[in-house]
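Before any comments, here is the structure.
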Amino acid sequence: HVWWDRMGQMDTICKRFNHKIGIVGAPLSKGQKKEGVRKGPDAIRNAKLLEKLQVGDYSNLKFVEVLGDEPFKSARWPRTVGAANQKLSQAVARVKRDDRLCVTLGGDHSLAIGSISGHAMFHSDLCVVWVDAHADINTPDTSTTGNMHGQPLSFLINELRDKVENVPGFSWLAPCLSAKDIVYIGLRDVDPEEKKIIKKLGIKFFSMTEVKQLGIQKVMEMTSDYLFSRIQKPIHLSFDIDAFDPSLAPATGTPVEGGLTYEEGICIACEIHKTGLLSAMDIVELNPELGKTEEEVTLTVNTGLAVIKTSLGINNKE
């Protein structure tokens with residue numbers, strides 16, 4: 001656990017960010033077909049998250065369905081998803097203006113369009129650590145499902161600007177991320193067209209195969225070297241609960257076997273906390289309606305809660 005200390009700038013970096021916390025609930029569900037994901041924010045809140053943290057609670061955003069929201073190419077509910085993300089973007093920017101670390105509770109992963117673009121309004125130099133079983137970099141042209149939770153990165157990356165032009169509901173959005181400022185961890189279910197995009201753009205990734213071969217500690221060290229060897233940047237951690245093995249997070253919409261162990265997921269959160277650079281994070285795709293039993297829901301919530309608390313430097317025994 002010394003991968004950051006050797007850079008000798010821990011103290012100055014920790015002072016750079018004030019770790020007051022702001023929590024935003026984003027019950028966005030139209031990026032996919034399983035409505036229960038909108039209950040994710042309250043499931044985490046009901047686990048007494050706020051009692052354990054000194055936080056500013058910016059409450060749950062209210063999202064409305066846009067009537068007559070026809071698909072654009074393969075993208076379903078684009079106007080509804082676009083309007084929700086615009087609202088979230090403004091909320092995250094407000095939390096950052098208040099000098100707080102922003103925690104966005106999802107909701108499906110299409111919300112990353114709003115959370116990252118809102119974060120970028122305040123920190124245009126941010127980098128993203130995307131922890132997920134899926135790459136979420138399809139475009140409205142390449143998506144086979146039409147689900148926008150599989151497309152958020154294509155809306156955010158400068159190099160894909162021409163792939164998302166004219167999508168209704170997104171005229172407010174300007175791409176804010178460079179492909180070189182992203183690292184994926186945990187990939188194991190990536191579409192063929194997504195693989196082509198990742199290869200073409202040269203996006204850094206660690207699939208689950210590499211996590212197992214290298215060990216999570218080495219993966220985090222390489223992530224650090226890749227993102228911060230030249231300059232320290234604010235981190236946006238976007239953590240999909242399905243990055244974990246389904247045995248740890250069964251209550252989610254698109255589980256994939258062979259995921260992160262509890263220790264691996266917590267190690268990612270711990271090492272990111274230790275950088276002192278975490279500026280905003282999302283926890284997404286927790287769907288309380290998809291647990292077969294109450295125990296499965298509780299297990300999934302507790303796994304997500306542990307990621308949040310560890311990322312914020314809070315002992316999970318508290």
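Note: Cβ is positioned from N, Cα and C throughout, glycine not excepted.
Site annotation (TrEMBL): Mn(2+) is bound by Asp132, His134, Asp136, Asp240, Asp242, and the candidate from His109, His119 recorded at this site is His109. When each of the binding-site residues His109, His134 is scored by how many other Cβ atoms sit within 10 Å of its Cβ, His134 comes out lowest. Within the same chain, the residues at least 6 positions away from Asp242 (Mn(2+) binding site) whose Cβ sits under 8 Å from its Cβ are Asp132, Ala133, His134, Ala249, Thr252, Gly253, Thr254, Pro255, Val256, Gly259, Glu285, listed in sequence order. In the three-state DSSP reading, Asp240 (Mn(2+) binding site) counts as strand.
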